Amino acid sequence: FPDDNFLTPGCPECRLKENLRFSNMGIGRIYQCSGCCYSRAYPTPMRSKKTMLVPKNITSEAKCCVAKTQYRVTVMDNVKIENHTACHCSTCLYHKS
């Protein structure tokens, strides 16, 4: 099974990156998380397979680069965006359900 320190080759590490489009709007610097963590597929363990309604031979697991902390900023009078202040690898939203 993969450990949390596994990085995809050729993909930059999960970190804050300045969003130049929003930073140039005169409200200060805006940062967003970017980069990779990992995505891996492996054979489903037999004990897990026995509990599945529809048994699958392959299990996939993915970690995405997401904001650990952020705050909302209003731009153009009514558009709210999130300014990320810290990033980490966490379960991807589409894998949580």
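Any Cβ shown, glycine's included, is placed from N, Cα and C.
Annotated features in Swiss-Prot:
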type     : residues : note
DISULFID : C11-C36  : disulfide bond
DISULFID : C14-C65  : disulfide bond
DISULFID : C33-C87  : disulfide bond
DISULFID : C37-C89  : disulfide bond
DISULFID : C64-C92  : disulfide bond
CARBOHYD : N57      : N-linked glycosylation site
CARBOHYD : N83      : N-linked glycosylation site
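Here the features listed in Swiss-Prot are placed on the structure.
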residue: C14; record: disulfide bond; DSSP (3 states): coil
residue: C33; record: disulfide bond; DSSP (3 states): strand
residue: N57; record: N-linked glycosylation site; DSSP (3 states): coil
residue: C64; record: disulfide bond; DSSP (3 states): strand
residue: N83; record: N-linked glycosylation site; DSSP (3 states): strand
residue: C89; record: disulfide bond; DSSP (3 states): strand
Between C36 (disulfide bond) and C14 (disulfide bond): CA-CA distance (Å): 5
From recorded positions C33, N83, C89, the one whose Cα lies nearest N57 (N-linked glycosylation site): C89
Which recorded positions sit within 10 Å of C92 (disulfide bond) - Cα, from C33, C36, C65, N83: C65
Minimum Cα separation from C33 (disulfide bond), reported as the residue among recorded positions C64, C65, N83, C89 that achieves it: C65
Closest of C36, C37, C64, C65 to C87 (disulfide bond), Cα positions, disulfide-bonded residues only: C65
